[in-house]
Amino acid sequence: MDRDLLRQSLNCHGSSLLSLLRSEQQDNPHFRSLLGSAAEPARGPPPQHPLQGRKEKRVDNIEIQKFISKKADLLFALSWKSDAPATSEINEDSEDHYAIMPPLEQFMEIPSMDRRELFFRDIERGDIVIGRISSIREFGFFMVLICLGSGIMRDIAHLEITALCPLRDVPSHSNHGDPLSYYQTGDIIRAGIKDIDRYHEKLAVSLYSSSLPPHLSGIKLGVISSEELPLYYRRSVELNSNSLESYENVMQSSLGFVNPGVVEFLLEKLGIDESNPPSLMRGLQSKNFSEDDFASALRKKQSASWALKCVKIGVDYFKVGRHVDAMNEYNKALEIDKQNVEALVARGALYATKGSLNKAIEDFELALENCPTHRNARKYLCQTLVERGGQLEEEEKFLNAESYYKKALALDETFKDAEDALQKLHKYMQKSLELREKQAEKEEKQKTKKIETSAEKLRKLLKEEKRLKKKRRKSTSSSSVSSADESVSSSSSSSSSGHKRHKKHKRNRSESSRSSRRHSSRASSNQIDQNRKDECYPVPANTSASFLNHKQEVEKLLGKQDRLQYEKTQIKEKDRCPLSSSSLEIPDDFGGRSEDPRDFYNSYKTQAGSSKTEKPYKSERHFSSRRNSSDSFCRNSEDKIYGYRRFEKDIEGRKEHYRRWEPGSVRHSTSPASSEYSWKSVEKYKKYAHSGSRDFSRHEQRYRLNTNQGEYEREDNYGEDIKTEVPEEDALSSKEHSESSVKKNLPQNLLNIFNQIAEFEKEKGNKSKN
């Protein structure tokens, strides 16, 4: 109930309306509380008395008051109140949403006096007025009003109503200029009502927007053009030129009147609900009628009856087999009524027969939504779901098939086809899971077997590789022994044949001395070898590998020193006496000094692995060196035999010399033969490192003195110099000097290992003596 509107009505009509409302609306619970407060004095402004000069027509309209009292529950209801916000009328005039007409009094020929009184009665502060400047004074300017810019539309152009705009209400357009200098007489001004004197009919206006209400504050005040005048004023001017036009003709000629959305626009502007419009006629109130009596429900019934006719025609086509025509009729029925259940069920059945199960399921589900109690729709939907589940089961989409079966059971729990299909699917899924598990176990076993077989293969390959290495070692050792034997036999045969051809006086001169030395050296060497075999003990396990590695380093160090000195002597010897240089290359097969220290290192490695054997490539190198020096060998084979025998005697003499100065410590190697050979070679390198250059220089001097003598005498002198020129004191000093230099060059850990080995050998020797 709109209490403000009721209070205004009671203030206007007085106590007579109040008594009528009490008698008519006594049963209305809303009016009981309101009428009690309405009887009190009104809180609003006091009722306005008729103005002086107005004719007294105080006739109480009892019929209007009776009408208000009878329709009070409808007139003062909140549904009549406008909910639309107040908008600017100036902006709406520019758009022809509805027919905008001239003021009504222009067609009614109302006297100017009455129109003037009505204007001053209805005008309020904040209303917008439009006029022309008539005069400009120092305190402001006067303007004659021609129309209203807001509120009620009035025809005031001929009433000559003036308004004053004071200087304080005129905004300045420059900082130091006169604000009134901007305006001229005849300018059209839009201003807001600031003050009203209804008794003297005087108005004061302002050009500041602060004088306007909030909903009109956006309107521009000041000078405007004729095009900005309100639309109703322009049409009233046109009507004055042609006064014969009627109100109806003007309304129909306007563009907004023929607008198709004019009703919706006006209802929205007035705040009236279109779906539940209020009416003052009791019989037309919407609450007094049922929903089936309204147009929307009647339209649905009508469209449903038309759709059923199309469905019947489509069913007839379907029975005959004309599926295309049946589908067209079903689609036509659904165009008329989109939610027609029968049309949806019939079209779904047609889709199912064609094989489009998904479309059929959609139609059946939509039919069940519109009518949940439709039996055929439920039945057909369950059957279609089971059929679709079977298709998915064939495609091995078991989870989707299971969901379709469950949907069918949710719609109808007694549907046996869906229940049986679901049980079969569960059994099949269990079997498939078991098979997958078994297959996974088999794959795991196969993987483990593959891993085991690969490991076994690797083991076999390693064993085979070890076996092949052993075979290769045996073959290399046997080949080296055979090659050494062959080389010795070949050298002995060649030397014997060449020795026969040698001259007799040379052989008789040197044979006696050499034979005596050979026998003595052989006897002493055999005795020393026997003693070494008796005194040799195995090396401790924890020092053998490291000692061998360090021993090889020692041999490399000694070999470098010997190689530098020996290469110099070899170059000089080869340049001056090719025969002696070729004879010096022969001892490589018998453990003598070689030209390259790497040969000594290789011979040491092979002799440590297998006793009494040498590398086969030494003999090959021996024969290759012999082939390289064949130019000097082939000249005289007797010279070769003589040099070979002389070298044997040289070796035997050195053995005797080494046995005299040999220390008591035992040589450390894996076998006695290899240890003896390695010790001899090391001692030989030590000795040659200090005395080789001196011996060779002495030999070179003798070689120069005896150049005119025979070739055989030079060789004898060379052999005898090697055997006899080294005294015992020089040998001892050179040996000590070489050992001290090696010890200085060796690292501390290697020296410690040598000391431990020497102590170990001493302990073994003491135990054997005891």
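Quick reminder: no glycine exception, Cβ is built from N, Cα and C everywhere.
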Record-annotated SUMO2 cross-link (source Swiss-Prot) among candidates K438, K556, K640, K723: K723
The annotated region 'Disordered' range in Swiss-Prot, which must be one of 36-56, 645-665: 36-56
DSSP-derived helix, strand and coil totals, residue by residue, for the domain 'S1 motif' (126-208): 7 helix, 39 strand, 37 coil
The repeat 'TPR 3' (342-374): DSSP-derived helix, strand, coil residue counts: 27 helix, 0 strand, 6 coil
For the region 'Disordered' (439-458), residues assigned helix / strand / coil by DSSP: 20 helix, 0 strand, 0 coil
